[in-house]
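The structure appears below as structure tokens.
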């Protein structure tokens with residue numbers, strides 16, 4: 001049957017439409033393919049990077065790496081730490097940054113998420129270059145945000161930082177929509193708060209992100225795993241970072257070679273757990289030392305000899321440590337139990353033992369006020385607690401504002417023995433602290449700062465500072481040595497006699513004109529005044545006691561046993 005004219009016309013229209021679509025597809029294919037094609041490597045102009053193989057060419061996607069050792073995970077999420085260096089002979093010129101070095105350290109943070117395309121992951125993250133710029137605000141650090149794709153079967157990673165080919169600066173909201181990778185994976189976007197956006201806009205790399213194309217082409221290579229790492233797989237990124245010319249502006253910076261190796265997070269988790277065990281053990285020792293000291297000064301006179309500022313400063317330090325460990329446990333969910341345990345023990349130290357001891361010292365130093373009624377005591381307690389928590393909150397604000405001076409602030413916090421030394425000199429007190437408490441607290445307080453600033457493999461990845469560790473150790477050692485000298489040789493043993501105030505002498509000669517025996521009201525036995533003056537003591541109120549009896553009495557109360565007048569230090 002011959003087709004009708006209408007059907008023939010309809011068929012012609014369909015064929016014309018198909019041909020038209022094919023022609024449009026042919027016309028649009030080159031730019032679309034160029035946009036979605038993995039970034040081409042330009043190692044030939046860079047020089048030394050060719051030793052890693054011509055994996056930048058598209059032919060690499062059809063050739064398997066001969067060094068691959070069987071199948072392995074295709075998730076490259078993690079932290080990669082390595083080095084960067086300018087490729088070839090270059091002066092490290094840049095239109096936006098002044099590079100102060102030609103090489104340095106780099107940290108790459110990647111987050112890989114699967115897509116609907118088999119074997120392809122969408123990757124987003126950031127790369128941080130250390131020792132790049134000479135700027136105090138950015139601390140010599142330049143950070144660039146990245147996004148791209150990881151083609152798992154061929155171990156290829158392609159990422160871009162911006163697409164500024166249009167010549168006009170892109171708005172913050174239009175950034176991801178203009179990126180070719182976002183056209184494929186439109187559901188993947190960065191989630192940023194307004195504070196993070198403002199902080200990035202004030203950084204030196206913000207103009208570079210807006211006006212430059214930054215491309216990263218890298219190959220992912222599996223490193224032979226260490227038996228100590230268990231089942232963890234380590235990967236190495238080898239690639240080139242370029243900023244191709246946009247129009248007539250030229251390159252933003254010279255090509256940079258990048259090498260980075262993944263970090264074993266499990267190792268850091270184990271180190272963090274070991275750290276919390278150390279903090280827990282130290283807190284337990286501090287509880288025992290506090291109990292020993294509280295037994296040593298369990299009397300009113302003994303508690304009054306202890307400086308309330310010294311105990312209060314240590315309580316504030318333990319409160320800060322409790323808050324820090326609790327915050328760390330909340331931020332790192334997998335380590336919550338470990339850090340929460342350390343925070344709990346620090347909470348026990350400062351809230352139960354140190355605050356209780358603080359109240360005992362406060363009550364001993366105000367014996368008259370504590371007996372005048374509950375209202376006065378409650379008012380005094382309110383003042384004490386308000387001062388303590390006011391200093392606690394004020395210290396947090398002070399450390400936030402002066403975070404660049406963290407080490408001097410730590411030295412100030414670790415001068416907690418100084419108030420006790422000054423109190424001993426002013427009051428001429430005898431043996432207020434037990435030697436075990438002095439030595440034990442000095443050692444246990446030094447454990448955490450020495451771990452953070454002295455251990456080269458600490459889990460916080462803080463660079464060791466041996467000089468500061470020596471300074472804080474010597475500083476604490478001097479304080480402990482002075483306290484021990486005051487304990488064994490006297491509170492004013494290192495002060496010249498010429499500048500000391502006149503001290504009351506309890507051992508003075510008494511002439512007995514009545515020839516009647518004098519009894520000691522403490523032990524109720526007769527005092528022999530014909531013996532040496534060191535065998536008896538005469539109070540300012542002229543009451544006489546045996547030396548040992550009055551010394552033991554003064555350890556309990558600094559009052560005359562006969563007339564209740566206050567007694568000066570012996």
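Placement of Cβ uses the backbone N, Cα and C atoms for every residue, glycine included.
Automatic prediction, not curation, is the source of TrEMBL annotations.
In the predicted model, residues of the domain 'RING-type' (520-564) average a pLDDT of 86. Taken from TrEMBL, the feature domain 'RING-type' covers 520-564.
Per TrEMBL, the feature transmembrane segment maps to 272-291 (among others).
Summarising the annotation, TrEMBL assigns transmembrane segment to 303-326 (among others). Within its own chain, the transmembrane segment (303-326) is flanked in space by residues 276, 279, 297, 339-340, 342-343, 346-347, 349-351, 354-355, 357-358, 360-365, 388, 391-392, 395-396, 413, 416-417, 419-420, 422-423, 427, 429-433, 441, 445, 448, 558, which lie at least six positions past its ends and keep a Cβ under 8 Å from the stretch.
According to TrEMBL, the feature transmembrane segment maps to 338-360 (among others).
Under the heading transmembrane segment, TrEMBL lists 381-400 (among others). Panel annotation: around the transmembrane segment (381-400), residues 312, 315-316, 319-320, 358-359, 362, 406, 409 of the same chain, lying at least six beyond its termini, place a Cβ under 8 Å from a Cβ of the stretch.
The transmembrane segment annotation in TrEMBL covers 468-489 (among others). Distant neighbours of the transmembrane segment (468-489): 407, 410-411, 414-415, 417-418, 420-421, 424, 431, 433, 435, 438-439, 442, 445-446, 449-450, 453-454; these residues of the same chain sit at least 6 beyond its ends, with a Cβ under 8 Å from one of its Cβ atoms.
Shown for the domain 'RING-type' (520-564): DSSP residue counts in helix, strand and coil, namely 13 helix, 9 strand, 23 coil.
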